[in-house]
């Protein structure tokens with residue numbers, strides 16, 4: 001008896017669903033014919049568009065593109081939020097079905113789903129940030145992090161009094177090795193004998209480990225640490241701020257990553273953030289969206305952003321610590337990289353060759 | 001007067017309605033249009049076959065984790081470790097799915113079995129510690145969750161792949177996906193829902209039609225009385241945890257062999273196991289109730305992604321879900337209110 005009641009209820013739900021969906025699709029087919037106006041949208045990874053990081057930066061780029069082209073939010077440019085990895089495919093498909101011309105996937109975690117959805121929808125254009133998907137209708141946006149890291153190394157070596165600087169990485173991977181190689185090369189370019197202490201925390205989300213590593217580094221005489229470790233880097237900041245708080249005269253500097261981390265370094269009247277290596281996801285997103293709108297979508301290509309096109313940069317917010325001589329040294333090397341006189345190494349092998357050539 | 005089974009049915013339904021109503025009020029307070037919001041929620045699922053099948057895919061693992069929690073609850077155990085059991089089941093299924101070569105009728109069952117065994121093994125540890133030493137299963141299974149998270153990450157990174165974040169896709173012979181279904185909907189709809197519904201029957205049969213089930217429930221009602229009646233309480237605890245872990249492990253297989261077709265490193269939990277607690281609670285720990293509540297959860301989670309089209313932040317649905325659980329958990333208030341109403345009518 002009870003069983004039958006459940007079965008009836010289940011049947012009812014299904015019937016209602018089907019009937020209503022028939023009504024729904026009837027009305028939605030009317031919206032499709034909005035004509036040839038350009039529409040672009042992005043799918044976030046599990047951080048929201050207010051994550052102070054990647055997603056936020058990408059959304060800022062898309063917003064700028066929309067404003068430059070007099071598009072309306074929701075109609076001309078939009079975003080869909082993913083709360084878990086299961087949401088990526090659904091969100092991508094939702095955008096395809098609403099006739100979006102160009103869909104951005106923010107972060108390498110969407111690479112797999114972008115690949116699949118792009119295969120099923122050859123007419124739609126996609127762009128993936130920080131990863132490479134080899135399909136004709138996908139543009140892969142990557143950054144020359146080694147160039148910015150090189151300049152971070154130049155700044156660190158110029159700032160350091162002790163001749164010892166540090167690098168804290170998150171997980172050991174090709175991507176983070178790019179940061180490490182560029183940083184070491186930049187530092188050695190300024191001071192061939194500088195000692196660089198390189199350590200990996202094994203995680204992007206372990207601030208406690210970051211704090212411990214930073215504590216050991218500062219104790220051993222390191223005075224500048226560059227982190228490329230996401231949340232783990234917050235531990236590096238925490239340790240530097242602790243030390244600075246106890247000893248305002250001491251040299252405890254941190255170089256931030258991805259965006260300007262000046263605010264993270266504030267402790268009382270002091271700020272431990274020497275500078276930050278900037279990765280301008282917003283610039284890249286706006287550029288690719290504009291190209292696509294102008295009919296020059298870089299499908300199937302790897303679009304690389306570096307110092308030359310302001311896709312990579314170095315922050316100059318902390319004017320007290322980031323002195324004029326550091327600025328002039330950084331600018332000098334920046335020009336050399338842009339002119340092609342110097343190539344920032346991106347792997348361990350390239351780094352070795354570079355250091356040997358000094 | 002309402003019978004107790006009637007209450008088990010009515011309280012969740014009233015809770016859902018109250019939760020949705022509260023969600024509407026919250027939307028109004030923050031200046032969103034609740035009608036458009038809920039319409040977008042509904043259309044987000046029923047607008048196209050694609051999203052209907054996405055919803056089925058989402059419901060499938062919820063049914064299984066819901067069963068896992070509900071089964072343990074019926075024996076008086078709180079298997080909060082379903083989360084970890086999902087993860088090990090997921091990786092075990094993908095491991096067999098990628099490493100073994102066999103025809104589909106052997107390969108697929110083998111991969112499912114591996115997932116079930118891995119989940120059961122993970123649940124065995126808290127089970128045996130509870131049975132032999134009286135260690136509380138909640139503490140142990142929470143810790144087992146973290147062990148599972150990091151062990152599976154290690155396996156994916158260094159054993160299943162060479163320092164990659166994602167494994168190879170499972171071979172077609174072990175995949176739950178089906179070309180006919182994919183062609184029909186263009187989605188990743190897979191056959192896992194059949195496995196899930198089978199397990200619903202399995203749970204019902206074990207609990208209602210076997211001596212084992214009777215004993216398990218008896219232990220759940222009163223351990224000491226069961227012991228006095230000559231039942232082996234410790235053995236029943238272990239068996240209950242094993243079966244519970246088996247369900248959770250299969251939920252992982254649904255993801256690994258179906259929706260995703262691979263395994264990837266996680267920095268945080270998938271939440272399938274934790275959501276399963278809510279599914280079981282809302283479903284009244286009844287296998288068929290779990291199907292209904294899992295369906296509601298899948299519907300809300302998939303539909304909410306469309307709410308931004310009505311300008312409503314989809315986090316609102318997380319609040320609605322939390323409120324529904326709150327109302328179910330305080331079901332005695334609803335029960336009291338209903339009884340008061342009845343009394344009033346009689347006078």
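Count begins at 1; order follows the chain as displayed.
Glycine is no exception: its Cβ is also placed from the backbone N, Cα and C atoms.
Unlike curated entries, TrEMBL annotations are predicted automatically.
TrEMBL tags one of the stretches B:59-80, B:213-234 as transmembrane segment, and that stretch is B:59-80. Between the stretches B:39-58, B:319-338, TrEMBL puts its transmembrane segment entry on B:319-338. Here the transmembrane segment (B:319-338) has Cβ contacts under 8 Å with residues 2, 7, 10-12, 14-16, 18-20, 22-23, 26, 278, 281-282, 297, 300 of the same chain, all six or more residues outside its ends. For the transmembrane segment (B:59-80), the most Cβ-contacting stretch among B:87-106, B:237-257, B:277-299 is B:237-257 (pairs under 8 Å). The transmembrane segment (B:180-207) makes contact with the transmembrane segment (B:237-257), as judged by at least three Cβ pairs under 8 Å among residues 6 or more apart in sequence.
Note on the transmembrane segment (B:112-131): residues 68, 77, 79, 81, 84-86, 88-93, 95-96, 137, 140-141, 144, 148, 195, 233-235, 237-238, 240-253, 256-257 of its chain, located 6 or more positions outside it, place their CB under 8 angstroms from a CB of the stretch. By the count of Cβ pairs under 8 Å, the stretch nearest in packing to the transmembrane segment (B:138-160) among B:7-32, B:87-106, B:237-257, B:277-299 is B:87-106.
Between the transmembrane segment (B:237-257) and the transmembrane segment (B:277-299), fewer than three CB pairs separated by 6 or more residues in sequence fall under 8 Å, so the two stretches do not touch.
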